[in-house]
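Visitor: Below are the structure tokens for one structure; questions will follow.
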Amino acid sequence: MGEAVAGTVGERFRELYGAEPEGVWAAPGRVNLIGEHTDYNDGFVMPFALPHQAVAAVSRRDDGILRLHSADIDADPVELRVADLAPGSDKSWTAYPSGVLWALREAGHELTGADVHLASTVPSGAGLSSSAALEVVLALAMNDLYALGLRGWQLARLCQRAENVYVGAPVGIMDQTASACCEAGHALFLDTRDLSQRQIPFDLAAEGMRLLVVDTRVKHSHSEGEYGKRRAGCEKGAALLGVDALRDVPYADLDAALERLGDEEEVRRLVRHVVTEDERVERVVALLESGDTRAIGAVLVEGHASLRDDFRISCPELDLVVDTALASGALGARMTGGGFGGSAIVLVEAAGVDAVTKAVEDAFAAAGLKAPRVFEAVPSAGARRLV
């Protein structure tokens, strides 16, 4: 598949720019198995890469010009001056790739421009890190073409800075690290404080199970308000408890910490979610490493309840997916991603895939909702050069 995609993207690059690209790169979207809204609290996460990916054909320029083109937009390439790139200067889709060049230059790397053609199969607005895939694929291309010598986690940090400062979205580090560092057949157990990581084998098919992603097709944007409010509330909780981040509140001390927060009810809810979610990540790692994979289903259900009731970022469509899937025999289910729409994941026996899928589709139809998009999530390769 990689060669075919590279050929198509390379051919379009030639049509646009009249020359061969110097290379073609790919970076995947991700789904988060467990560990939601913990990354900006220095906590634990456990994503894996999807087969859906952003692909970029790229060549260097030496005249300070950056030209960007997307296969999704019927328009000529957007032309920008590298020296003029600045936070807030770009409000369109091009902010994600141009922000990467800005972040690399801010970090002291001399980049003299590029011609870029981008194509992506990562669903936008589905909570599957379409923006991170765009950032990481261009960062990897720049790293290779300009021989910057940066490692995956370093590229992820720069991409996060691009999205935080240049785009203005207060995202954590998980999405970019997952896209840059995941390995096929594994979930990534990531400590977001120091970016230490462990690849955990995750082969559901070998155990007779599947993980479905259900895209509700309800769109959301991290840049709009609610995500930032949750992050600010978590930071307030850490300050009130006298810790650097909520990751520093031990699970065993949670009740005492909640008592100390007194009548700060909203902050109490946010703190409870983050501390218990970190514990859930560690529990899932232990279950997978001990071979008790089916037992992670119950942990997913716990996580959804916490996101719905404490963090309050679910929505009726996500709850409908989870409730319907569980009623139809799924082993576990929860919302995934930033919330307020997007996707849910469903752990199901292989023999039950069709029944659960039909039940969810029928439930959406009965509720008068747009048909959800359902697909199997297979742990796939992280960012890499195709050609």
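For all residues, glycine too, the Cβ spot is worked out from N, Cα and C.
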Visitor: In Swiss-Prot, the residues GLU36, HIS37, THR38, ASP39 are said to bind substrate. Which of TYR166, TYR227 is said to bind at that same site?
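Guide: Of the residues offered, the record points to TYR227.
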Visitor: Spatially, which candidate from the recorded positions GLU36, HIS37, THR38, GLU163, ASP175 is nearest to SER129 (ATP binding site), comparing Cα atoms?
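Guide: Its closest listed neighbour, by Cα, is ASP175.
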Visitor: Using a 10 Å radius around each Cβ and counting other Cβ atoms from all shown chains, which of the recorded positions GLU36, ASP39, GLU163, ASP175 yields the largest count?
Guide: ASP175
Visitor: How long is the line from the C-alpha of THR38 (substrate binding site) to the C-alpha of ASP175 (active site, proton acceptor), rounded to the nearest angstrom?
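Guide: Computed Cα spacing between THR38 (substrate binding site) and ASP175 (active site, proton acceptor) is 12 Å.
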Visitor: What subset of the binding-site residues GLY125, SER130, GLU163, TYR227 lies within 10 angstroms of ASP175 (active site, proton acceptor) at the C-alpha level?
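Guide: SER130, listed in sequence order.
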Visitor: Residues other than GLU36, HIS37, THR38, ASP39, TYR227 within 8 Å, Cβ to Cβ centroid, of the substrate site?
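Guide: Other same-chain residues with Cβ inside the cutoff are GLY35, TYR40, ASN41, VAL45, GLY172, MET174, ARG230, VAL274, GLU277, GLY338.
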